[in-house]
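The disulfide bond feature in Swiss-Prot is assigned to Cys25-Cys36, Cys53-Cys142, Cys119-Cys134; the stated evidence is sequence analysis. Summarising the annotation, Swiss-Prot assigns domain 'C-type lectin' to 32-143. Annotation comment: Swiss-Prot describes 1-23 as signal peptide, evidence class sequence analysis.
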Amino acid sequence: MGRFIFMSFGLLVVFLSLSGTGADCPSDWSSYEGHCYRVFQQEMTWEAAEQFCAQQRKESHLVSFHSSEEVDFLVSITYPILKADLVWIGLRDIWNECRLEWTDGTKVDYKEWSEEPECIVSKTTDNQWISRPCSRTYSFVCKFQA
């Protein structure tokens, strides 16, 4: 009996010490490299998701990625929760930034882009980025600095 109590106490100490590793993040957020992340299952447009993130915490936005390790972390927390393929990330309007050229070398002097802006989703299985109309609805991940 004394051994059981000792083991239980030891496990409690380990649990409490590990729970402090993400102490700068709220309990329902995950911690990685000084940032807090939370997966939201509800589906929203890109703009609504970004506004929702901003309402959750000061300086919170749709997730941004800055290393392959961060992506691996995001995949590890996103896919098990959503079991979905695509989530909004904090990129949009990439076509306005691209340098376009025709394969024959002529100048791009005529453009017929859709009126609707494009935003970016990430595949939760392998982090491939895909542009989608911002008006579509997807789940999303919010991020803020701890």
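Backbone N, Cα and C atoms are what each Cβ position is placed from, and that goes for glycine too.
Neighbour counts of Cβ atoms within 10 Å were taken for the disulfide-bonded residues Cys53, Cys119, Cys134, Cys142; the minimum is at Cys134. Secondary structure of the domain 'C-type lectin' (32-143), assigned with DSSP and counted as helix (H, G, I), strand (E, B) and coil, comes to 29 helix, 37 strand, 46 coil. Note: the CA-CA distance between Cys36 (disulfide bond) and Cys134 (disulfide bond) rounds to 24 Å. Taking only the Cα positions, the spacing between Cys134 (disulfide bond) and Cys53 (disulfide bond) is 16 angstrom. Less than 8 angstroms from the CB of Cys25 (disulfide bond) sit Ser31, Cys36, Ala146, each of them six or more residues away in the same chain.
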